[in-house]
Amino acid sequence: MGAGRRMKRKQGAPPSYEDLQRAKQQKTNGKQNQGRGQKRSAPSDFSDSRSNKRQSNGSRPGRPMRDVYMSGALGVKTTEGKPAKAVNGRIAKPKIIPKEEPVRQEDEEDIDIEDEEDDLTSKGSSEDGVDLLQSEEVLQVDEDDSPEEDEFGSSVFDSEEDTPAQKETMFSDDENDSDAEEILTAANIAGLSAKLDAQQEADAAASKQELQDSAIQTNLTTDIPRVLPSAEEVASDDEDPTVAPKSALTLAPDLQLLRTRISDTIRVLEDFAKLAEPDRNRSEYRSQLLKDVCAYYTYSPYLAEKFLNLFPPREAFAFFEANESPRPLVIRTNTLKTHRRELAQSLIQRGATVEPVGKWSKVGLQIFESPVPIGATPEYLAGHYILQAATSFLPVMALSPQEHERILDMASAPGGKVTHIAALMKNTGTIFANDSNKARSKALIGNIHRLGAKNIIVCNYDARQFPKVMGGFDRVLLDAPCSGTGVISKDPSVKTNKTPRDFLALPHLQKQLLLCAIDSVDHASSTGGTIVYSTCSVTVEENEEVVQYALTKRPNIRIADTGLGSFGISAFTAYMGKTFDPDMKLCKRYYPHTYNVDGFFVCKLQKIGPSPRAGGAKQQQNGEQVSSKTTATTTQDTSVARNNKDQDTEILKDMLIDPEDDFGGWNEEEDRALIEKAEKRAARRRGLDIRGVRKQAEASTALTNGTDGTGKVKALCKI
């Protein structure tokens, strides 16, 4: 339904039915007068005579005159019961008061003004009409109220003309005249101005009172939060130390109160000069904040204080909050088997909601919801993707491996980063995936096979021994073991199980690993000479201090740009009185409250010269002795000299390797049977005599394990 007539006008009581009919009639008559010029509509009193024809004697047959003015016919009543007076030979139109009953609907035919005048004249001059008016009770009209004759000599009123009575009539829309603005004049301007000012003051006072009632602080500078215990409370606790404080007697802290107090304390520390209580110092507020954080977020005081020193109070609060919610589930597309768009379409068809992890990565996808387990889809089993944290992409992106390079991953389990390197190298070159934990190496091998990486060699060494085992790599990736303070959302136990001893032992191990990684890189590599150091920790002791130590011990390296662009926060160049290398700002930090990723640290180092080694003269002397006993083809003889029995024993002893360790070993008898079966099958396909093939194989084996031309027994070492 559309808007009613009432809604188009000013709100108020609805008009009466008579007012509506009168307005409608005025509108209709106005349109007819505009179209016909001098034509006017006939009064409603003579609506019954429209269908009668004029007669030659000036009278109109039909309804008598008395019926027109009868109160019963018109539905009106007289005011005083007196007959109407004749003015200038004409009967004045009575002043009528409409009844509550509806007004008759007028026909749309027009009557000429001349017809109306003739009708009124004939009726006024008729003796019968005069007698009837004198004898019957009609409406009394005073001479002063009689209308003046118009230019046509007629006393008929136009529906568009306003009479004094009509002007004084009050309609329902006029009942709110008191709300209308008073007309501004020179006499009342001062009074109206004062009235307006008083009204504005009253409104302002009401608004202020409303704000106070709703506990909305309109002036924060004057509101000093009370977050510290009073002197009386502290004194009462000191008097009787055997009695536990009142707050300690409660079974569980009021979390809402703690959160409110944490927010108030942070606000005070941000504007200490204005919001601090008198005779209170900053250390008291920090101590109170530390207690509340430990109670609310269940951190150990040591770790909570470390985070409060790392961030400003407001940012530390955001960091604590971010650690309470999990990070989005992220997968990495295996470009060796598929593309990200194809993988996304496959997962969407299975009902998953996915989107790119960000503009900084071309292989990452975020999974928001999925009706099927992401780790059990056919695409996962086929090796099209691997579940991997978004920050684990960053070290490989900073390493930027190239095809046909020789790369070492010193701590590669469970295989997310090393398979990423293999995908970037397109299964070319050689990658050595090392991990010191044999149990984790099993998961590493499984992921390598599932993802289809064919250029990876898995080994199980202590990474600190790698320069002695093998060196000369183009690039080395070291994702060092750390405290895990950046992945608290995954492992909440970090909040309480980390002690000061952990933050002494872990940085010591990380420093050793980083020096070994630097020594394992070939500085003369035409394409590489790069080391990437990363941790999933946010503490300075495990990141900036470790890199600074490496710069001090190895002057042949320098910090390089990570190539990650604007994604990430620059590392610290100064922290709690400690100053680091100015290029430390090239390193990148990532926090859960800034990028919604795990806390992470990435540093890229470039080796520009050879590393100094202890015992270098002894190694050079041994090399000279070996070279004096060899011919022009010194490569094979040098390897034989380095692998004598005494040197093998020393190497095994230095690496602390158990000779009985079966990792990476093989069963010779089982392998021999399989080899013979394969050789027999191959000989049959080629139509060769298997006996001759075996004799040739035995001869080659005897030549390999027997004596060579010089009569010396070859010493082989299995590592």
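Yeah, the Cβs are placed from backbone N, Cα and C, and that goes for glycine too.
Copied from TrEMBL, the annotated features are:
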- 1-11: compositional bias 'Basic residues' (COMPBIAS)
- 1-178: region 'Disordered' (REGION)
- 26-36: compositional bias 'Low complexity' (COMPBIAS)
- 106-119: compositional bias 'Acidic residues' (COMPBIAS)
- 139-163: compositional bias 'Acidic residues' (COMPBIAS)
- 319-608: domain 'SAM-dependent MTase RsmB/NOP-type' (DOMAIN)
- Ala411, Ser412, Ala413, Pro414, Gly415, Gly416, Lys417, Asp435, Asp462, Asp479: S-adenosyl-L-methionine binding site (BINDING)
- Cys536: active site, nucleophile (ACT_SITE)
- 612-647: region 'Disordered' (REGION)
- 618-629: compositional bias 'Polar residues' (COMPBIAS)
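This view paints the features noted in TrEMBL onto the structure.
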residue: Ala411; record: S-adenosyl-L-methionine binding site; CB count, 10 Å: 19
residue: Ala413; record: S-adenosyl-L-methionine binding site; CB count, 10 Å: 25
residue: Gly415; record: S-adenosyl-L-methionine binding site; CB count, 10 Å: 28
residue: Lys417; record: S-adenosyl-L-methionine binding site; CB count, 10 Å: 25
residue: Asp462; record: S-adenosyl-L-methionine binding site; CB count, 10 Å: 15
residue: Cys536; record: active site, nucleophile; CB count, 10 Å: 23
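Gly415 (S-adenosyl-L-methionine binding site) sits 16 Å from Cys536 (active site, nucleophile), counting Cα to Cα. For the pair Ala411 (S-adenosyl-L-methionine binding site) and Cys536 (active site, nucleophile), the C-alpha distance works out to 13 angstrom.
Here the C-alpha separation of the residue listed as 'active site, nucleophile' and Ala413 (S-adenosyl-L-methionine binding site) works out to 14 Å. Confidence across the domain 'SAM-dependent MTase RsmB/NOP-type' (319-608), taken as the mean pLDDT and rounded to a whole number, stands at 94.
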